[in-house]
Structure formats: C-alpha cells, structure tokens
Amino acid sequence: MTSPIPLAYLRDLPRPSSPSTSLGDHIAEVISNDYRISTLLDCLPSTSSPALHSPDMARKPLSHAAIKSFIQNFSLPHSPLQTPLGANDRVMLVLPTGPENALALLAVATYHTCAPVNASCTAGELLDDARRLRARAVLTTRDVAERLELRTLQETLECEIIFVEPRAGGACGLFDMTVLGGGSEERAWTARMRQVGRRPSVLHTLADKSLILHTSGTSGKKKVVPYTLLSLIVGTCAVVESWDLRPSDINLNMMPLFHVGGIVRNLLGPMFSGGSAIMCAGFDSNAFWALSQQIGATWYYAAPTIHQAILSSKPDDISPSHDLCIRMICNAAGGLLPSLATDLQAAFGAVILPSYGMTECMPIASPPTSYRLERTGCSGIACGPHLSIRDPSNIERALPTGSTGAICVRGLPTFQGYEVDPNPDAPLDVSAFSSEGWFDSGDVGHLDTDGYLFVTGRSKEIINKGGEVVSPFEVEEAVVTAARGYVKTALAFAIEHDVLQETIGVVLVPVAGRPRIGLAQLQDLLRDHLHPSKWPFAVVYMNDLPKNSAGKPLRIKLATRLGLGCLTDSVPLFLRHLEAEVPHPMAALSEPIRCARVRVDLTSIERALLSIDGVRNVALRCRRDGAPEAFVSASDGIDAQYLRDALDGVMHGYCIPEALNVVRGNLSRASNGMDFAAMEREVAERNASEMSEHMLLVRDIIANILVADPKNITAASDFFLLGGNSLLLGKLTHQIRKATGVNIPIAALFSNSTVDSISSLIKGAKVEKLGSPGSSPRPGHRTRSQSEKTLIDEEYYNYPNDARIHTQNERGQTHPLTLIIQAMPFVLFYPLKAALTWTVLLFVLTEMAPRLDDSFWARLVSLLAAIAAAQICSRIVAPITAIAFKWLVIGKYKPGKYRMWSAYYLRWWLVNQSLRIAGRGIFALHPSLTILYFRLLGAHIGRHVRIHRSAKLGEFDLLTLKDGCLVDTALIRGFCVEREGYFTLDRIVVGRNAVINTYTQLAPGTTIADDCVYGPHAGAHNAPSPASFAACNRTLILEPHWVLKLLVAWPIMGFVHLVSYAPWFGVIFLMTHQTSILNNGLNALEAVINWFSSPERVLFHGISRVVRAILTPLVRLVLGILVKRIFGLNKARSSASASQLSLLRRYINSHLLSQEALKEAFSILGNHYEVVSVVYRAMGAKIGRRVYWPGSGIYCPDPELLDIGDDVVFGSRSELFTTDRIGSANIKVGAGAMIADRVVLMPGTTIGRQTVMGSGALGRRNTKYKDGSTWLGSECLDDGLSKDLTGDTITPFGRAYHKRKATFFVLPYIFILFVNLLVTAASAAYWSASAVAAAQILRIIDMQQLPIVRHIYQISWYRPGTIYGMVALCFIVVLTIQGIFALLWQILLKWLLIGQRKDGPCPWDRSSYCQRWQLHLVLSRPVYKGFSNGGVLAPIAGSAYYVWYLRALGAKIGRNCAIYPGGRIGLMTEPDLVTLGDNVNLDDCSVVAHINSRGNFALNSLKIGNGCAMRSGSRLLSGASMEDSSMLSEHTLLPSGDVADSGTVYHGWPARPFPGRWEERSVYESAPINIICPICRTFPRHMNVIQHCGHVYCETCIHEAISQRKMCPVCKQATSFKDLTKMYPSLTV
C-alpha cells in the first residue's frame, strides 16, 4: 500500500555503516533503486494536513493533497505563435516570497528547469540573467511589468512572459496564469486555453535539471549552479534526516525562495516530511512573534542577523520558552557567533543547530538534534556529502585531523560543476574540483577527532595584518562578547595599511537606545578577550550590517566601498571613528557606500558635564584632529574617571573627551574668554606631582613616540589605548633602555601597558639588576673599567689652548696616497695573475709547436696540455707569491689597535687583498695541504686538526689552533673593526679538542677553552654550546673507505666532470680542426700569437667561454642527478648502522651536487622558481608548490630526506643538516612556513605550518616547532597559540608568479630563462676580451717589423719576462676598463629599472618592485663574474672607491667610512635607503633595508650614526638604526624597529647590551702599564687629560676626536679644546 508520505520510509533506514559511504550516497542509492520515486511529484505527500500557511490568518492553509493535485494538472500557458515548453526548458521565477511563490516553484521544478531570482532585481539584471540562462519563459506578477520592462525583454529574447494571478478566495497559494499580450487574438487564445484546459508537460526524471541558482556573489562574480532532480531530492532528504523533521513540525520561513537555503530547508524539507511551512513575504521581527504564537511554529531557519533582530524585538509579555512551541533553531548564511547561540538557547530553550551549507552543496554539516552547544564554534558533523579538510594550495592532498585547511566536499548532494553555457551538451566548469572529485568550498576550517567541523572563515575574508593571519570571526565574537550592551552585532573586515599591508576595521551596529561605544572604550573592553595585535584599528557605525539579498553579511571589498583608502599609524584615534549608510541588499559590490567621519557637538557635551553633581563650570574646545578636550571645575572627590563613568551611558564614546582635565578652583579666564594655556599648566603640574620619577619618564617617552601631549597622559593611561601598536613597542623598549639602562622584553609590555605598570617593570628590573652578582671576568683579563684605566688624580698644569697639533693633517680615506695604494689590487693584482696564466699558455704551446706533426689530435692534445699547464702554474705561483708578499710587506702581524687609513692599515689591507686574489691554489686540493698553507702564513696549528674547506681564517700568525680542534664554516681571524675609525689585531686561541661549528665568529682576543663547543650560531661572547652540538660539525661526518673513494667515487666524479666539459671540448675541436699553428717565416712564438689572434680563433675562444658558462653546469647537474638515482637514495638511519654504500652515495652527491654546483646551475635556470623544486624532486625530495627558493641556495647533504610543504619561503644561506655525526633524519617544513636567512636546522627538525624561523634561528635535533610560532635565534617570540592558521598559505610571491594574480604584468618563466641565458653568455664573452685584446696587441706589435720591438720575439733568456710584461700591461688596461664599465652598467641599470627606493610595503603581487629588483640582480651579474674570486667589488672593498660606488647607487655616506675592509662583500641590498655617518666601519655584515615576512615584502630605511661599527656576522634588520658610537659585535642581530643606543656595544641574537662596561681590551696585557689611551690602546704620547672628567688620551687622538665629535670618547660629556690639560708622563710613573 502506498504511503501518503512517500519518503517516510527513509526515516527508518540505518545510517551508512561504512565510512566510505556518505549519507548522501546512501540516500541516492536507495532513491535510484526505488521504482516508486522517479519524479518530484512522486515525493510529495497526499495528506489532507496543511502544507503551506499564509501570514494572512484570514487565508486557509493549502493542504498537501491540494498541492499535489494542482501540480498534476499544472501546465504553463503560451502565446499562439510559441510552442509549449518542454522538459529542461528554463523558466525564471520573479515572484515575491509567499505561498504562491512556493507553489509555483514546486510546480515549475516538476516539469521544467526552474530559475528563481530576486523579485527586487532591476530590469537590466533580469535581462542579463535571462540572456545568460536562455530563459524560455518568465513567471512573474503583473505589477512589475513596467518596472522590469518585461515587454522589452520579451521582444529581445523572444521568450514567454507569464503572469501569476492569485486567486481571491479559497486556500492560500493557488493561482491562475495569463500570458503577456496586447492583441485581441492573444486574449482570445488565453480564454480558449482556460476553457479547454492545457495538457501537462512531461514530468522531469531524476537526471533532469530541475533547478538553477546563482551563487550569492559575496566573493565576486555570481556563478550559475545547476541541480539535477536527484541532487535536490537527496539534499532535502539529508535535511529531513539530520534535523529529524516530522509531519507535526511547522516551519516559520522568512528567508527568500531564490536561495538554496530557503528552497531546500524551508520549502522542500517540510513538503517531503509531511510537515508545513509559513511562507512570509520577508523578514518582520514583529510578525515573527505573532505568527509563532498563532500558528504554533516549531522551528525556523535564518541568518545570524535575523536571529539578532528577533532577540532584540522580543515583546516584554512573551516568554519564548513557555509561550512558544519553537523546539529547534537553525542557522544559515554566515557563521553563528557562540555568544549569539548562547543567547538564543537561553531565550527559547530550544536546540540550536549552527549548520553549514552552500549554494553548491546543501546541506554539508549540522550538529545532531541532541546538540547543546558543548562544542563552541562548531558547525556539526557531515550530514550529506563526504567532508574533508585539504591543503588550500593543493586540494589533492588531505590534511590530518585537527589541521586547518580548505573545507572540501564530494558526492551528492554536491553539484557537478558550474554552468558556463546553457547548451545542454556544453561541459561544466569543474576547475574547482580535484582529480578525485573534491570540491573546494572556499571556506577554511578544521575537523576534530569526532568529525565535528569548525568553520573559521572564507579564504578571501581573512585579514592579513603584517603577515599575521586574523580571522574576522574571532574579532567579531570578541567584540560582541566584550561590548555586550553596547553592540548589537559586528562585522570585521580588512583595511589597507601603509606598513602592515592590512589592518582591522569593524562595523558596529549599536544597541538601540544606547550611545555608540568609542574605539578606546572598545579596545579597553577587549583586553581580556583578544590579543592587542587583533584589536580593531577603526570603527564604522551603521544601523545594520551590509548584507546581500539572502541576508549574508558582505565584508568583501567593504573598505573600498566605504572609501577608507590606505590608513597609517599617524591617523589620530578620533579620526578612526566613522559612520556610514546601510547599502541596499541588491547593491553591487562595486557600488560605493556613503561614509563620513563622526562629528561632536560641544554644546551637548557641556550640558552633559554640567548635569553631573559637583561640576561647577566647564570649558570645551576641539583639538586639531577634531577630538573634544574639556577643563572641568569640580568639587573635591571628583576626578576624570568619575566624570567619564558618569558620561558613559549618556554620550557616544568618541564624544567623551579623552583629555578630561579636572581643576579644583575656578577656571582661568582671559580677556577674550577662557585661558586654556593657564589651565593646561595647572593640570600638567598637578598630574606631574601625582606621578613618580619613573612614571614621568615613561610618560614623556610615550608622548614622544605617539606625538601626544604629555599633560594628557596620566599614570593609568594605556600605551595601546593612546594609539600605540605592536610595531611601536620596539621604539618604546629602546627609549626605556636608553633612559634607564633597563631592557624590558616586548612580550612583557603587551600585558603591562599602562604608565604605572611600565614604571613598575622598570623598578623591578633595576632591583633585580642591583641584587644580581656582577659578571665574572675571563681568566687572564683585567676587569678595571675604562675610567679606572684613564683617570689621573695627580697634579697637572694648564695646557695652553694654542698648542693644538696637526690633526688636520691626519691621512684620511681620500688622501692621494691612500687612493693610489688602494687602487693596486683592482689595477694590478688580478691582471698580473691572469696575465701569468696566459703567458704560460703561450710559451707551453710555443715549446710544443715545432715538435707537433700536422695531425688534428696532436694540436688538440697540445692545446689542452698547455691550458692545464697554465692553470697548474698559476695555482702554484700565485699563492706562494702572496705568502712571500705577506712576509715582505707586513711580516708578523702586531697585536694592537690601529687607525683606519694609517700606514699599517694600508699594509694590512694590501696583504689581505693579495691573499684573497691569489687564493689557496694547489693548497686547496687536500686538507693537509690547506693546513700547510696556513702554517706557511704563520698559523700555529697542532696535530689532528680538521678545518673545513669553507672556513674563513685570516691574520694567520695570530691564530693558535691546538691539537684535535675542529673548525667548520666559521670565521676565525685576528682582525675586527672598532668604533670611531679604528681596527684591532689580536690573537685567537682555540683549545685542544674544541669544536667551532657553522655560523660562528670568533673575535680577536678570544681564547676558547679545551673541549668546548661553540655554535651553530655563536659568537665569542656567547656561552659554550651543549657538547651534543659537536655532532653537526661537517668535519665529523663519516666518509666512505679510502679504497672506495679511490676506485669508485673519484673515477665517477672525474667521468662526470669530463663529460660535463664535452660541449666545451666540441668547441675546442672546431677551434683546432683543419688549421696549422706553425707558419712559414715566423718563429714558434710568433706563429702561436698569430694563430691565437686570428678571427676564427677569437670567435671560437668566445664561444668556448659561453659554452662552458652555460652548458657545463647544466650537464653536470643532469649527470649528477642521474648518478644519484643510479646509486639510490639514502634513508634516515644512525651513523652506527650506515653502510659503506650509503656513505659512498653521500660522498659522491656532496661533490657532484654540492651547494656551489647547484647554485651555478640555478643561476641559469632561475634561482627562485619552480624549476628549483623540480630539481630537488628529481633528487628525491618531497617539495610542495610555490616554494620560494633563495638565490644563495641551501646546504643539504641528503635532499631525499627533505619534506617541504607548499608556499614555504626560504631566506639566503640557510643550512639544512639532514645528516650529522649521529646519523641521518628527515627534516620537515610545514606549509606556509618561513625559513629566514642563516637558519640552521639539525636532523629530525619539524617546522610547523606557518611557523617563522627568523633570521639566525636554530632548529634543534628531533625537535618540533609549533604551528604558527615565531623564532629568532634560539628565542621564541610567539608561541602561535593566538594565531588563526586557517587561511590559505599562499604567499604574495605565489599569487604573482604561480597564480598570475598581480596588479602588474608578471614576466613569464620563459622570459626569465631567456634573460638568464643571455646574461650568462654575455658575461662570459665580455670577460674573455682581455685575453683576446692581449693576443691582438702582441700580433700588431709583431706585424710592425720595427727593429726596436722585433727582438722581443727572438729567443733569449729574458723573452718570457718581456712577453709577460707586455701581456700584463694589456690585461691591466683592458681589465681595468672592463671593471669600470661593469660597475657603471650596474649603476645605470639600478636607476633605470628601480629608481629611488621609498619606504613602504612592496608585496610581490601588488608591486612590481620585487620583479624589477630581481631583474636588476640578474642583469648585474657581470659585476660578480669578473676578477675571479669576489667579482669586481672585492678588490675595492674597504676603500674610498667602494664608498663612491655605493654613493652612486644612492647611499648617503659620511667621511672616512670603511665598508667591508676585510675583503668579503657583505649585504647592502638597498643602498639608497641607507645613511651612514662619519667614521663608520662595516665588516662582512648585513645592512638590509627590506623585510620579507612570508613574501610580504616591505622597505624601511636604515641609519647608522657617526663612529659606529658592525663587526663580521652582525646584521641590521629593516627599520633598525644605530646611534652614534654604538657597535654590534660578532654574530649580533639588531631586530626591526630597534635602536642601538649611543655609545653602547651589543651582542647576541637578538641583540642585547653588553653587560657592564664594554672593555676594548689592551693587547699589551702583560706590560706593566697603569695608563692607556682609550683610543689607540697604547701608553699615551704627549699626554692630555680632560679636566672635568679626568680621562687621559694621546694628544693626537683626543684632538682629532674633539675636532670631529666635541665630546669625550669615553663618558660622552661635551668637551672642547679649552678643557684639555697637558700632563707630563713622569707624573704617572
């Protein structure tokens, strides 16, 4: 027997037992196999119970049986010239919500494709939609015919216009239909159709498209979503099942019937379950309460804004839990805030179901009906399709439980794809689906272990504040909860910010009858609910939230529509209060919203203040920003806070004066009114008297930073409420440290941000500092302060003022002698070395040419032999010559402190340049030869010492490396720069069995104790590292047996290198093919020169250089990967279990695929792009998408043990130790993480999702770093717990270069590759010109046949020297010209491509700066390819020439600045944003004006004051600055926004002031000297003492210091020449 409710049997079906079957799939299978259900009509009940109710209580409800009967006989009328509509013909419903709309929708969907649209649409919108859908008919009401221009639409599209004519009597919802027409023939046709009736169309079956909807368009353009009848039935049955809908249930519908929620949940759900629905014309809060009582509604489904309005409009005489029958309230069209859900439950006592669905899939999730809000913020469990959280950047990959990612669905009732063409044969757009059918909803969230879904926002709505991802839902919940009573509802949205990229705005809908809450009040209330970094920056007051026609809040493009522009921190607090009109729900997302700043009425404020008891008089005025300021004369006991509390419930928050000053006496008056100046003085004096000394100090510091009036700041004033933010905290800590010497962590200021609490932190730190023991001196070092060393108590006599000595004659950077000497490396050293190579090549060929036969192979072998001999000779002669030069020019280095540009500096600098240019040559072939090289230079090296080939050693005879010590890629040299234009040479001792790891810098004067371990990432002033850190020293990593090296590894590596040169050999073949070297009438030397200088040889010489530069690295890369794959991939294992095969693999790979080899290949293929990921995948690594790789490459001995997620950003010079002495282990880096520059990750390190490993961070072995955490050095700056990690991890770089979503034209990869190839080829050809020029000049001289030069080519004992001199002269001239032109090329390119840089954000996807900068770096490569080691710049480092080069690039540099005197070029990536004072010394440090936080690129200027110094390995981050005479010691990082205090020395990562007084130690520690000059560190010559402070100096030193700085270099007191007194040395004995 057929049931009156056909689908009732589905209620008894068991839930799917297999997790592989969803509820939707289960229902679809049952429906498809049920022969009774094949049409929509088959699903409709036939009971006599009510189905549709009208809000008009005079109309009878329409029963289920009447609906079914109406539909069975339903047929759309048509005009005489039109054919009847058939199945899948499109019919648009343009009807107001009500019973007629509901019945029409059911009837049309039964036979045709129903396309409901908003009846409030415009004529243009209706025409666009109808054209897009190819509508055959429009079903509407007669009263909109003119407004919607239906006749025009009919003529344009030739479609049918059918009017619904509601019946005047009987049950609600029934209607008749007529067609639009004007002629008598059409009217007669309509009458005839009524008389004879119309034959119903063919019923739709399950596969037909019964419904077409448009997406809500909240994130952009609307899309067309088609539904098959089967998907509609399955979705509705899933709603009925999950919400337990029964025939007795009555739904109260106030949602529109042109969105999926209203159709499936509020119409089809009640129809299929046998229940009923009250079809209201729209939302009316008053009607809700009346209808709920009168008809007895049992549930409703609505958007959050409707829930809020219902609660706000509750009549006083109704108790919902007692007077209504509401058992269930369901949420739609937006996230239900937990606070609102709690309020609904408390009011109605009903089940609150925060369900989840969307146009493309309805439903998706819903809690069970037993849910009691026990899982705050959840949206329920899957109740239809399969549900999965997947990687937002790669939805092919599922994420583990608990991970936040893209919410994806699969299976019915999920739609099949977007319609792009109404043609039924046209394919659907399935680009949003994965290959396995997963549809990306566009929302982000996570699933807990029980399968409950938590939606955290839409990916496009996430706010990116300075790289921190903020969920708007989190902000809204905090605002509504904290400001309960003030705020009815809120909407958070993103506003453009000049520094942070985006900041947080919030729309506030005030509670009716209550004043608006001010921004300062709101932030104060949020203190216990939200981290200060997530507080709203601006508020916009509106009477309701901006919503679309379905009631869904619209936050996309809201700031643009409001016209807020780009905000800055300088915008005053008052000007961040705005008010706006509520836009129409049908308004386009591009339509502006009227918005203006709020206004204040001083008269109203005055009246309100005077109404307070105890207030005698009031004086008001507006400040510059428009904010009110009040002076109140009041009786005792009334203070500013009392007045604010009294005004709180009376006036808008922004009208309550923040500057509310209480005066005890009468208000001061002047002749023209109130005397505000006098009142200000009185208030300031009283406020100051009530504050302690520390409070006054903090007050003045805050006022200075925020540009605020100190008199308005009290002890209770809050830094954040006054306008401070997290970026300004760096300045606050700096100013406090500068004024008090106390270093307060930034994290402490977040929770202690009032003047009073900050002063308490200062007092507590001072007490702790006084109570702690002083730092113990290191053995063998005196601990007296600088003052004690220089103070003179003996009698002195007055030194006449006119006895000044010749400080003006002191040699400086631009002295002619200095310039001449410092030009020598550039002009002479490298050209002489290159000339030697070519001279040897010529003479070897000259000797071999007469002995050759005329065969090709003889010529080829002789040429290759000559090339090899020349290279070997150069590698022997150059380093030995440099060693001899060192001993001749400077001898043994003398420890001491020396002035820059002095004679000793120039000698030291020349020796250092000669050693650098000569290189280690043949001594680099084996570690034992390298140690011999160091010993020849004077180093004291014990036995069994291991030194990595990349270690940087210098000033060798000052170094002592004792037995058994290990040195990785560290810096150990006896040289360092000092402040005020000095440098120091001193000894370094590394004890027995000590271990010096990577990124460790040892300063001169350091003594490392025996068995100590330093690094990774350490300086001389750090404590030793744990002993276990020794395992990551590269010299300890196991290697295969020497037999395997000899018989397997070296032959393979030799073969690969030989084959990689095959293209070059091919060019050499062409160069020597069918040619003869000897020539009749010429001797052998002349013949060789003539042969080399021929046009064919010149051409092939250039081609050979180009081929070797391009093809050799790429062939070596391919062969290296091939060898790696043949030998197999290594696996994670301990060293004890490592086989010889695995050691052999690693040894071969470390040479064939070394960091240097990869870097050379990637410079051709593109350093930062997907091709690098492809190579690493080929090497066995797991690499995600859109990874940003560094230009320097990364160190990783086992790429196959890497697991890199999507959108990871790498900084330069990172080292990933997948293998150490203990063993090998995987390194995992989560999606969206950032691995900044100089990061070291040990084996087994796991970096969480969106974790930031900041500059110099150290990832410890087998340690997991939490998702979202931030690390700098070894310190955790943020544990990530307060971050919302739900957003898409894609970076601006990924959006621009991979998604092609940028505001400018993004250069395609093929163009980048072309430029790389072109620059590499051009650079190789350019630097080959010197040899070509030398050969041509020698040939020209020979052709002149002049007697004076003819003998040069004749055989003689001096001929080699003569030829070498001529070749060298040619090389000197040509290379000098080439070097100068290369520098000019780079400078010209900088100004053409980049121009003058400016501070501000430059994200990859919104600014072309990064693309132009990268292009400039590529085109500038000739500068770094010439002059061998170090490029063109290294020979001029530490000279005036380098300063001139930087100035040409835009840098502002003072006098006598030594930039990279050690010869290693540091980083100064944005010279035109850098300002250097006088006498600044920078040595191999990083001065980087950009910050790249996960691809959020920004530029900030850097300033380094007079007399500052940055030692090797130090780093100045973007936005930091150094005051005069400050210094960063080795391995020191000054973070962004921080300031190095004047005269202070910093150490550590991040930087901390050196404890106690910094002592620039005397190098004469064993000498019995009681007094030393603090500047030159020697016994004072012609001793001078400063009278008022007693510090003693050499006469020359102090005169130069005073002439430049006008202060004492030790105590920084102001000083002039008249303060000097001469002291006889005998008085100090």
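Placement of Cβ uses the backbone N, Cα and C atoms for every residue, glycine included.
What TrEMBL lists as domain 'Carrier' is 689-766. Helix first, then strand, then coil: DSSP counts for the domain 'Carrier' (689-766) stand at 51 helix, 2 strand, 25 coil.
Annotation comment: TrEMBL describes 1573-1612 as domain 'RING-type'.
Summarising the annotation, TrEMBL assigns transmembrane segment to 823-845 (among others).
Residues annotated as transmembrane segment in TrEMBL: 857-890 (among others).
Sequence-distant contacts of the transmembrane segment (917-937) (same chain, six or more residues past either end, CB-CB distance under 8 Å): 825, 829-830, 833, 872, 874-876, 878-879, 881-883, 886, 945-947, 949, 953, 956-957, 959, 1427-1430, 1435. The transmembrane segment feature in TrEMBL is assigned to 917-937 (among others).
Positions annotated as transmembrane segment by TrEMBL: 1042-1064 (among others).
Marked as transmembrane segment by TrEMBL: 1106-1123 (among others).
Cβ atoms under 8 Å from those of the transmembrane segment (1302-1319) belong to residues 1110, 1163-1166, 1169-1171, 1295-1296, 1404-1408, 1411, 1415, 1418-1419, 1421-1422 of the same chain, restricted to positions at least 6 beyond its ends. Marked as transmembrane segment by TrEMBL: 1302-1319 (among others).
The transmembrane segment annotation in TrEMBL covers 1362-1388 (among others).
Residues or ranges marked as transmembrane segment in TrEMBL: 1427-1446 (among others).
For the domain 'RING-type' (1573-1612), the mean pLDDT of the prediction comes to 67. Listed as Cβ neighbours of the transmembrane segment (823-845) (distance under 8 Å, sequence separation of 6 or more from its ends, same chain) are residues 862-863, 865-867, 869-871, 873-874, 877-878, 910, 913-914, 917-918, 1077, 1085, 1088-1089, 1092, 1330-1331, 1334, 1360, 1363-1364, 1367-1368, 1370-1372, 1375-1376, 1379, 1427-1428, 1432, 1435-1436, 1439, 1441.
Same-chain residues lying 6 or more positions outside the transmembrane segment (857-890) and placing a CB less than 8 Å from one of its CB atoms are 833, 836-838, 840-841, 844-845, 848-849, 907-908, 910-911, 914-915, 917-923, 933, 936-937, 1068-1069, 1071-1072, 1075, 1077. Beyond its flanks by at least six residues, the transmembrane segment (1362-1388) meets 826-828, 830-832, 834-836, 838-839, 842-843, 1085, 1326-1327, 1329-1331, 1333-1334, 1337-1338, 1341, 1352, 1420, 1422-1423, 1426-1427, 1432-1433, 1445, 1448-1449 of its own chain at Cβ-Cβ distances under 8 Å.
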